[in-house]
Amino acid sequence: MAGGGKRKRLSLSKLYSFACGKTSLKGDQSQMGTTGFSRVVHCNEPDSFEAKIRKYRGNYVSTTKYNVATFLPKSLFEQFRRVANFYFLVVGILAFTPLAPYTAVSAIFPLIVVVGATMVKEGIEDWKRTQQDIEMNNRKTRVHQGDGTFKSTGWKNLRVGDIVKVKKDEYFPADLLLLSSTFDDGICYVETMNLDGETNLKLKQALEATAFMHEDSHYRDFKALIKCEDPNTNLYSFVGTLDFEQNLYPLSPQRLLLRDSKLRNTEYIYGAVIFTGHDTKVMQNATAPPSKRSKFEKQMDKIVYFLFFALFMMAFIGSIVFGVATNNDLDGEKMKRWYLQPNDSTIYFDPKKVGMASIFHFLTALMLYNYFIPISLYVSIEVVKVFQSSFINNDINLYYEPSDRPAHSRTSNLNEELGQVDTILSDKTGTLTCNSMEFIKCSVAGTAYGHGVTEAERGMGVREGESVKGWDQSKDSSTTKPHIKGFNFKDERIMDGNWVHEPQARIIEKFFRLLAICHTAIPDVDEETGKISYEAESPDEAAFVIAAREIGFEFYKRTQTSVAVRDARKRMSVIVRNEEGKLLLLCKGADSVMFERLAKSSRGFEEETRNHVNDYADSGLRTLILAYRELDEEEYKIFNHKFTEAKNSVNADREALIDDMAEKVERNLILLGATAVEDKLQEGVPACIDKLAQAGIKMWVLTGDKMETAINIGFSCCLLRQGMKQIIINLETPDILSLEKTGNKEAIAKASKDSVLRQITDGKALITGPSGTAETFALIIDGKSLAYALEDDMKHLLLELAMSCASVICCRSSPKQKALVTRLVKSGTKKTTLAIGDGANDVGMLQEADIGVGISGVEGMQAAMASDVAIAQFRYLERLLFVHGHWCYRRLSSMICYFFYKNIAFVAALGIFEQDVSAASCLKYPLLYQEGMKNLLFGWRRVLHWLGNGFYTAIVVFFFCSTALQHQAFNPDGKTVGIDVLGGTMYTCIVWAVNLQMAMTVCYFTKIQRGLIIYCLCMLYLFFLAFGSLSPSMSTTAYKLFAEALAPAASYWFTVIFVIIAALLPFFAYSAIETRFFPMYHQMIQRLESGRHEDDPEYCDMMRQKLLQPPTSVGFSARLAARANKLRRKNKNQNQPQYS
């Protein structure tokens, strides 16, 4: 056995009904060779002439934004998309002409510095993506060398047609056709978490014709021809044929192993490479790294347009005045302004060529007034954002110690966007959950067992101010027993064999026996220790088997004398023979399909079980109903014969035949009880979602999981609650299912689209109807329906429906669909979207959103590497948005507005260290976050307010100074004011006004702020003295200006004081009136924090009510409110008088 390894003789296909049947050669296979189905693969012959002429892509993958050839042009394009950069480029070019009032170097050098620094930053960020690509492309796999041996090689070297060997827990390097595995019938388990987020293992099976080829030597002379569909984005479909040994075999998705999925519970498999590199389905679903620009940056472009218009008008009007004045200079042959010597000047002042002189003056004025659009603003913003990113990276409250992962702001361009998020689109597995299931409670014979507490219950307790009593194995310091993965159950009545003393001991025994038997898990015995571990298809199945073992019912060996029926309709059954020789049908499934199958005589504790199931669901637990029945020998023989026939059928009705057989045998069941399993949420998820809801942020969940799983998680994390109306859109209707059996693709597509449109229309009608206004709705849609709903003629209807719902859950979503939904929300609402996920299947979604947040979790680092910000836990999103997001938004909005008011030298403190309220208040009052969502601090109203304030200050300083000093003796010597004294006085007023303006604006004074303001004022007078002490040839009119002219003159000091008061008084009055009578959220909190109104408790209580209890539709706050309303209605009905 050259490289064959240990063989597993168990034929797992006998444990499954759907996954391991035969595939019909009819239908899609007939399309081979037509458009969209033209791929031909010569297996084991990648070097053949036929393979080479097709020129398929290699397996090298690149996810970078730039490469060596595109970096310079693409990066320059990104920089000059900024209006200000483009403007300064034009000005820089004009600076090389004689028109320029300054040197070309002074104009072009700042632009080079700004653009160059940003390009270097972009290059560094993209190099990190390149390193990730290099690591992935150099991963090792084993490829057939043509002589029956396999050699290790890098992923990037694989070619279409290669035969590869993949071992347990390794990722598939390309899309492969499964040829054989360690199991005799070619079965293997695949984990697709990186593709669709599902933790359940998928079962794949090779064709019977190739399943025997389980040794390396079998591939020495192996030859086959594959014809299949062309590369596409659909993860769940595959159509093709295999021509092997002159026989034609149909291929289905069950035979396809996708790149980036992982081999589990199987020692090794052999596969033929079908799709490589960017042709693989996972890469077809990927999107190119986008160029993201924040809304601040786009708004700044609009402000620059406005300022450029003002600049243009100033230059235009000035040029007209200049032209008129120049034209009037010529009085016959005499020059009125002879001192300008226009005779000796060039055309710029020639009164005989007034038109050209005016045009040249206009161009010169455009360059001269460019301080109106300061390039230093962009430099300052970049500097401030770098500091803000460092604050995020070094926040100890965002550090996750168990995995040693701090927060990482991977790009500083989007910091302020964190304070404006309107909608969050989240992955489920690994983002909201921990990828683990725990058996926590159960109901047996109408009695509830288990003292465990879920995260949702714990969160509701915190909200109510009560401590929730319950047990959590991972947090119980009193026990020395190690934590058992999948088991978080404690109840003295059941544990340690005490169940035998319970009144219903017989039912309890049957209940846990069913858990130990009804599953597809495989026991794996450690030969050294004797301990048994289980290889299960899904985490919840493993949790059931482990729970049974811990109670005393250990599953240790599997044989093939049982028949398992796995129904697509939410249930599973197994038929076994017990030690007494009786045939038992053991069944578990969802309550929606199980209660209707109970025998009338076995409903004694059905009501109690239903109540327990509802309580478990309200606590966010996943529930299953357990039941059984006895079969007689004749009934079993008939069933087994017909079931085997149906399973091996190759016609289109195969699944329907199996359904019919399951329906006939799964009836008259005897109820045993219900299980409650927690899909373990990450710590703090319900509390975080509740705070996000209080802030008015909408939450969407986009997951590849099945609908039932997604709904359960919706209840767990409080996105759904009992009493919330669910609008479910899917294509699992009888009409569509029957139509799918015909294989008529056009008819299926038309009917499916019509069905989705009808369901969306019905949903909108339900919401807008008379009863809809009083109800809260949740939209749940599956991937099939989503494919039609995202088409151009329907997507806006979907968005309208979704935005009317409190929660939205998209199930069975492919990575491409996640990205498309994110794009729809972003473009349709025109508001800031944030996507958060942890797997490779989330990368497209993260790149499409305005902000992509990656969870550096167990699914690898692909999402974290492609994100804008990486955090270790979902709960850190609360602090990232409410503290850092709010502060970054406020700091930048204040800084930019203030920048148009004064010079950059005075705004550094405002942009880096400003805080309006403390971090604790940001977290306590989520409503504060709406200032960013509504863009209250950087809207046009606020921008124009600051621009108007700047113009007002400039007018006051100029006219008040010139009027106050005009035609008066300036000092005791009787000297009047010249341009030097007037300029010095005006400059002093401006410096004092803008610094005091900042002092009035800053909310969070530190030593740094105070020091910078004092430093600026001191530097004013030191500059006057230092520059004035230079020789007159250098200082010109400023020689000894302050020491001998300004400082000794009392009128200078009186003028400065008067002008400063006049300039600041309107802003002070406006701020005082707004704060007292029309306060914004942050001003309310500031007044509460300051304690200035402790003598007015009524006023304080009013503000707290406004801030603390915003109405929400999701989260445990909404769940508590719904419970309270229900109790109030109940009490009201009880108190009403009864009339007979």
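Each residue, glycine too, has its Cβ placed from N, Cα and C.
Copied over from TrEMBL, here are the features:
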- 41-107: domain 'P-type ATPase N-terminal' (DOMAIN)
- 83-101: transmembrane segment (TRANSMEM)
- 107-124: transmembrane segment (TRANSMEM)
- 303-325: transmembrane segment (TRANSMEM)
- 359-381: transmembrane segment (TRANSMEM)
- ASP427, THR429, ASP838, ASP842: Mg(2+) binding site (BINDING)
- ASP427: active site, 4-aspartylphosphate intermediate (ACT_SITE)
- ASP427, LYS428, THR429, GLU541, LYS588, ARG622, THR703, GLY704, ASP705, ARG812, LYS818, ASN841, ASP842: ATP binding site (BINDING)
- 464-483: region 'Disordered' (REGION)
- 464-475: compositional bias 'Basic and acidic residues' (COMPBIAS)
- 907-1079: domain 'P-type ATPase C-terminal' (DOMAIN)
- 943-965: transmembrane segment (TRANSMEM)
- 985-1005: transmembrane segment (TRANSMEM)
- 1012-1030: transmembrane segment (TRANSMEM)
- 1050-1073: transmembrane segment (TRANSMEM)
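The stretches the transmembrane segment (1050-1073) and the transmembrane segment (985-1005) meet in space: the count of Cβ pairs below 8 angstroms, excluding pairs fewer than 6 apart in sequence, reaches at least three.
According to DSSP, the domain 'P-type ATPase N-terminal' (41-107) comprises 29 helix, 3 strand, 35 coil.
Around the Cβ of ASP705 (ATP binding site), 25 further Cβ atoms fall within 10 Å across all displayed protein chains.
THR703 (ATP binding site) sits 8 Å from THR429 (Mg(2+) binding site), taking the CA atoms of both as reference points.
Counted over every protein chain shown, other Cβ atoms within 10 Å are most numerous around ASP838 among the binding-site residues ASP427, ASP838.
Among ASP427, LYS428, THR429, GLU541, LYS588, ARG622, THR703, GLY704, ASP705, ARG812, LYS818, ASN841, ASP842, the residues given in the record as binding ATP, the maximal Cα to Cα distance rounds to 33 Å. Comparing ASP838 (Mg(2+) binding site) with ASP705 (ATP binding site), their Cα atoms are 15 Å apart once rounded. If one looks beyond the transmembrane segment (359-381) by at least 6 residues along the same chain, the residues whose Cβ comes under 8 Å of a Cβ in the stretch are 82, 84-85, 87-88, 91, 94-95, 99-102, 107, 110-111, 113-114, 117, 300, 304, 307-308, 310-312, 314-316, 318-319, 322-323, 347-348, 892, 895-896, 899, 904, 907-908, 911. Averaged across the domain 'P-type ATPase C-terminal' (907-1079), the predicted model reaches a pLDDT of 77. Put simply, ASP705 (ATP binding site) is 8 Å from THR429 (Mg(2+) binding site) when counted between their Cα atoms.
Around the Cβ of THR429 (Mg(2+) binding site), a 10 Å sphere holds 28 further Cβ atoms from the protein chains shown.
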